[in-house]
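For reference, the structure is listed below as structure tokens.
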């Protein structure tokens with residue numbers, strides 16, 4: 001019948017659109033994507049109560065990676081909602097779902113919403129001046145990827161800002177539990193501005209291309225009432241308090257426009 | 001008291017968030033920004049009826065450019081809403097308003113929403129692979145700016161897609177009416193995919209850097225039920241039918257990822 005892909009925006013249960021809420025309330029099954037972009041504090045029970053629906057199912061890592069078979073099967077002859085934090089098509093995982101639904105000739109309706117990709121405008125930097133977005137992953141053991149450094153550098157050289165999305169680890173298994181096939185998950189981890197900047201400063205030490213000089217913005221809980229935005233040089237920003245997740249980071253172009261400077265002053269440490 | 005800056009998203013009156021609607025309904029004055037990013041068919045009367053409020057005032061070019069004095073004055077001791085199509089901080093005009101409110105110590109609350117900057121993900125191109133966004137202005141008389149061509153070229157060379165925002169002319173005065181101080185406005189004009197591509201092909205003829213070779217996407221009425229997305233080579237795309245405004249354009253990087261190719265097939269002319 002129809003698969004609704006509905007963005008929940010950035011903040012809380014009130015960020016769904018009026019149209020999205022209507023679709024939720026008329027659907028037979030409602031799934032909450034709880035794998036790539038969880039919002040701390042926003043669980044399926046809270047949402048169900050706020051939306052006035054009986055039950056919201058969790059689309060966890062297993063369901064999503066196994067292709068959401070059950071969900072697609074149900075969407076063939078019923079209205080099914082897939083709720084995604086942010087915008088439903090901003091993450092690759094979900095564009096894939098869109099494709100598979102279409103291949104089965106299930107109509108898909110997308111309800112867009114705010115995502116960090118546009119709400120980052122809150123820090124006052126001009127959106128059109130952002131270059132390629134990078135993801136900074138948690139380093140672990142011998143695995144210390146740093147290609148994101150080169151991309152930030154490329155943006156900087158082109159006079160562009162860089163939005164850095166920080167790693168989220170949800171429903172990860174320890175190697176031991178994975179080997180033994182035990183579905184025991186580690187507690188979720190969310191990279192902080194501090195951790196991202198520490199990694200940045202380490203790469204800077206090795207590469208010395210000047211990515212960590214100049215202004216950066218740290219953003220926490222963007223779009224929520226308790227959002228925190230701070231601007232400053234990397235070393236100072238690493239010491240700033242941001243509170244709970246989610247955090248993001250912006251590395252600025254070397255020069256700021258006049259209006260951007262005005263904003264930066266408001267957020268300066 | 002408080003200035004709410006509320007994003008209306010892309011589509012129709014149902015795209016406001018639940019939280020945004022609540023703010024609208026409790027506000028003493030509601031202004032609709034009707035200057036930079038009007039949605040055809042979405043007028044203040046339709047919105048007022050949908051939101052269940054008595055009156056929505058128009059924040060037109062004059063009001064916005066004169067600094068929204070009246071609005072700020074009222075926000076000092078009342079709740080005032082400023083409604084903006086898309087996300088409220090995506091356009092420079094509104095970041096400026098945010099600043100001026102803060103300078104007067106008026107608390108500002110921003111309710112983000114979808115904008116073309118993230119909803120462009122609908123065409124299946126990965127958002128993080130977009131480089132700098134460009135605006136393509138209507139050429140007129142001797143004024144034929146083409147710096148956007150060089151920016152698209154730069155993005156292409158870096159393996160990035162380019163979102164092209166197409167010009168909107170709302171409440172423009174003819175030179176004669178302007179000189180005579182007559183507040184008579186020309187009918188609004190919205191650049192079409194066709195017009196943008198015609199300008200692109202003209203610059204291509206002169207510069208011959210290959211920006212117009214390869215795949216492009218035309219997007220119309222993004223996020224609405226009747227949205228149209230088409231992909232194809234520039235010459236073919238220029239001939240495609242897109243219907244009414246608003247239109248946008250994406251010039252793709254030379255190579256598409258596998259998933260992006262799959263999507264492009266769905267939209268191929």
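Note that Cβ sites are derived from N, Cα and C of the backbone, with glycine treated the same way.
Not measured: the values here are computed from a predicted model.
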TrEMBL annotation, S-adenosyl-L-methionine site containing B:87, B:115, B:116, B:166, B:222, B:247 - matching residue among B:8, B:10, B:21 = B:10
Please find, for B:10, B:87, B:115, B:116, B:166, B:222, B:247 as listed binding S-adenosyl-L-methionine, the greatest distance between any two Cα atoms, in Å.
-> 17
CB-CB under 8 A to chain A: among binding-site residues B:10, B:87, B:115, B:116, passing residues in order are B:10, B:87, B:115
